[in-house]
Structure formats: C-alpha cells, structure tokens
Amino acid sequence: MLVKVFSFFILMITMVVIGVSKEYCDDKQSCQNFLLELKAGSSSLSEIRRRDLLIIVLKNSVRRIDMVMIGVMDDTKQHEEMENDLLGVKEDTKLFEEMMESTKDRMIRSVEELLGGEFPNRGSYENVHTWLSSVLTSYITCIDEIGEGAYKRRVEPKLEDLISRARIALALFISISPRDNTELISVIPNSPSWLFHVDKKDLYLNAEALKKIADVVVAKDGTGKYSTVNAAIAAAPQHSQKRFVIYIKTGIYDEIVVIENTKPNLTLIGDGQDLTIITSNLSASNVRRTFNTATVASNGNGFIGVDMCFRNTAGPAKGPAVALRVSGDMSVIYRCRVEGYQDALYPHSDRQFYRECFITGTVDFICGNAVAVFQFCQIVARQPKMGQSNVITAQSRAFKDIYSGFTIQKCNITASSDLDTTTVKTYLGRPWRIFSTVAVMQSFIGDLVDPAGWTPWEGETGLSTLHYREYQNRGPGAVTSRRVKWSGFKVMKDPKQATEFTVAKLLDGETWLKETRIPYESGL
C-alpha cells in the first residue's frame, strides 16, 4: 500500500513539475493513467525534462498504434463472416489503415524535430504543433467516417484511447511553448528538411518556363509521355526531397487522383483553370465515406497545384462530394478552380495556402481542420438542393490546443448567376466542432450573405467556444450591426488582433511560403 501511495505521490509531483496537471491537460484521469503507464517503464520519470518526456510519449504512442493496427486486423478477420456490409468494412479498413500510417509518420517527424538542433525556434515549434494537431484530426476523421456497425463498435474504443494519448502529447507539447523565451526573438526559423530545395523548377511565377522544364507531361492527344494524371503520379519518385513537376496539358481528365504521402514535393501545373480539368462524380451517396469522394486527394507534403480545375459533378442532391481534399503539410493551391457542391473543398489537415483561386459550392463548401489562409480568391455560392441554405465554411477544430483555423483575406464572396438570393440564405460559416476558428478579413461580402452572418451547427453547441472574427470587410453583406450575438463571435477593431490571423502568424508562412515562389501577403 505504501508503495502505491508513494508512486502516486511521485506521479503527482511529476505532473505539477511539468505543468500538465493543472494548466495543460483537460483530461486529468487520462493524464494520470498514461503517466502511470510511462512510470512503469522509467525509474526516473520525475527527473526527465518536459521535452524528453514528450519524446517518450510519442515513441510510446507509435508502438501503441502498431499494436492497435495488428489487433484490429486480427479482430476483423475473425468477425468478417458476421459483417452485413463487407464493402463498407473494406472501405473503413482502408481508411483506418491510411489514418494510422499518417499519424505514425507525423509522430516520427515530430520526434525528429524535437531531437533536432533547431528546436525550439518558432519554425520548428510550429512544425511539431501542426503535426501533433494533425494526429488528432486523423483519429477524429476515423470516428466520423467509419460507418455504424460491428466494425465501428470494435474500433471506436481503441480510437478514443488513441485520442486521449494524442491530447496528452499535445498538452505536454503546449507546456514547452517557446513563445515566452526571449532568446527566440533573433532566431531565423528554417523549413523542415523534407521541404523541397530551391532550384530552377521553383520559379512558379513564370508558369510557361516551368512547363518547359517539367519532369513529365500528360496529354490527352498523345503528345505527352502519359495520357492520364495517375500514370504520371505513379512515375514520381517516393520520399523525394527534390521537386517533381507534372505538366498536364489542356483537356478533361475523368479520373480519381490520389497522391500518397510517400510522394512529397509534387507539383501539378495545367494550362489554366478553364482548360486543364480533372473531374469525377463520386459522392457520399455511392462511396459512403466523404473522405473518399475526392476527385483529387493530396496526402503528400509540399504539394503545389497551379493553373487547373478540380471538379466534382455529383450535383447538389447527392450530399457530400469533394472536388479537392488536401491532407499534406505546406501545400499551396495557386490560380486554380475548385468546383463542386456540398463539401467541395476539404482542407483536411496541416498548413495550406490558397491564392487567386475560384472556389464554388453550396453547403459547407470549405470544410476541414487545416490551418489555411485564402488570399485574393473568388468564393462563389451556387444554387443548393431545394430547402438547403448555403454555408461557406465548416471549420472543425475540436480541442483548444489544436493548431488550426481558416482565414479568408482580401477575397470576394459573391453569388453565382444561378443562385436565387431571394429564397436561399447564405452564411459565412458554422461550427463543425466546438472550437471552430474562422476569420473573414479585408474582403468584399456580397448581399447574398444573411445579415446574421453565421449559423449554428446544432442548437447552442460551440457558440461560446468558437472563434469567429470579422475585420475591415466591405460590401452590402459586410454590415455587422445584425450579426449573431454569440460570445464566440467578435468584430475586430484592433489591427493587432487581426494580425493573429495573417499568413505570418496563423500560417507561419514566412518560414516556408517564400520557398514556393508563390506570391503572398504576409500581414494585413
């Protein structure tokens, strides 16, 4: 008994020392249980520095994921004959395995960054914060997407356990924030080692020159090396730190394109957003899982899309149907058209930048949990299914420590020619998760937007915890006198507040965007 009391005493001292118990860890019981588990394998836990403890937690979590994957696969084989929806289970299993591999990759990269000599400058800190946030996003995506049934009942408790562990890791990480370290002021952060090197292929402002030096060419008329986009992507090297450019000539490419996370630093460049078109019509009505409906899904870090169209033609009656899903860190979409209806653009996770794009849809047509900034984009609401309202954003930040949010800056928010603004209401956003974070700044807002501006997801959920902001917008829809009265919504007056949602602050863009050679505005 004395041994147990002493162990628990040491545990509580440890938690106080590392600043987790009171200030950083919301789930106290999970923190205690997990740290007890770690204590069993470490006789000197109370003496370990916070960063070292976090590394232990992450390594432990990677091992846990391996155990969970093996257990789920074995369990699924044993119960396969009991499943009523084998096709759905196969789809769920594929998604589960993809998400688990993604989380392992992010945790391993986080450990490497924590062990690196640059930590904790601002650049390396934001890298780890991004990746650990994305781990939680992947787990939550699994729970959201896996269909109801025996498979989900077996998997969900394991996912809940992984979520608790990921939240503990994130809480530990927050406790070693460098923001109070004055020594960091003079540090110039660097891009992570896997981000592409700057060479002659990175002169993106000269699109014609870039096409001429592309690694491969795709053409419907036979003038390129490949006739399909997928064939060209298959030819790209794996785990490359050098940029691989694919030029896709004018044409309509009817195919489902998936860029795996083993193919970083990939550029797709077309002849223009009205000339090079990748299209499909998958929707939740025939594919079941929104995550898998994307016409183009990019999971690779450092992805860049230029001068092309990503289209989903499923239509307003088919439910969620993604045109473009982006799940890779430090991704850029430049001068592209994203065209769909519900959930048209899915910035799923990690850091993303959209510049001079045309984005059109209906319900939640910019949705996800990425850290994403949209600059100089045309955001166009179109006619939805009868009885529906349009909602532009559905940002899904689930926990306060997660690093995510959307900024719409210097964009035009308007109606398509087919939208009946007299009968269809359009809103700037609604909270997919309770800490949903969106800022609309310095933009033109047309009269299509309802005077309330924002709409609830369900009842009062998240209205006091969300972070919805507006700043210096103009146009008939920008009048804020009749906006919602939620405590989580604010009209910003102070430019210092608005600065927190800029490329430099929200996206940490100065550490990586300049390497892409895509134009951007760092501040207001």
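Cβ from N, Cα, C; glycine included.
According to Swiss-Prot, the active site, proton donor annotation covers ASP343. For ASP364, the entry in Swiss-Prot reads active site, nucleophile, with the evidence type similarity to another entry. Look at Swiss-Prot and you will find THR290, ARG430, TRP432 tagged as substrate binding site, backed by similarity to another entry. Annotated disulfide bond per Swiss-Prot: CYS357-CYS377, in sequence order, evidence recorded as similarity to another entry. Annotation source Swiss-Prot lists region 'Pectinesterase inhibitor 19' at 23-172. The region 'Pectinesterase 19' annotation in Swiss-Prot covers 215-510. Positions annotated as signal peptide by Swiss-Prot, on the basis of sequence analysis: 1-22. According to Swiss-Prot, the feature site 'Transition state stabilizer' maps to GLN342, an assignment based on similarity to another entry.
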Active-site residues: ASP343, ASP364 - member with fewest neighbouring CB atoms within 10 Å: ASP364
Nearest of the recorded positions (THR290, CYS357, ASP364, ARG430, TRP432) to GLN342 (site 'Transition state stabilizer'), judged by Cα-Cα distance: ASP364
Cβ neighbour count (within 10 Å, all chains shown) around ARG430 (substrate binding site): 24
Cβ-Cβ neighbours of CYS357 (disulfide bond) (radius 10 Å): 23
Proximal residue to TRP432 (substrate binding site) among recorded positions ASP343, CYS357, ASP364, CYS377 (C-alpha distance): ASP364
Recorded positions compared (THR290, GLN342) - the one with the fewest other Cβ atoms within 10 Å: THR290
Site extent for substrate, whole Å (max Cα pair distance, THR290, ARG430, TRP432): 18
DSSP three-state assignment for the residue listed as 'active site, proton donor': coil
For TRP432 (substrate binding site), the number of other Cβ atoms found within 10 Å of its own Cβ: 21
Of the recorded positions listed as ASP343, ASP364, CYS377, the one whose CA lies nearest the CA of ARG430 (substrate binding site): ASP364
For ASP343 (active site, proton donor), the one of THR290, CYS357, ASP364, CYS377 that lies nearest, given that the recorded positions are compared by Cα: ASP364
Top Cα neighbour of the residue listed as 'active site, nucleophile' in the set of recorded positions THR290, CYS357, CYS377: THR290
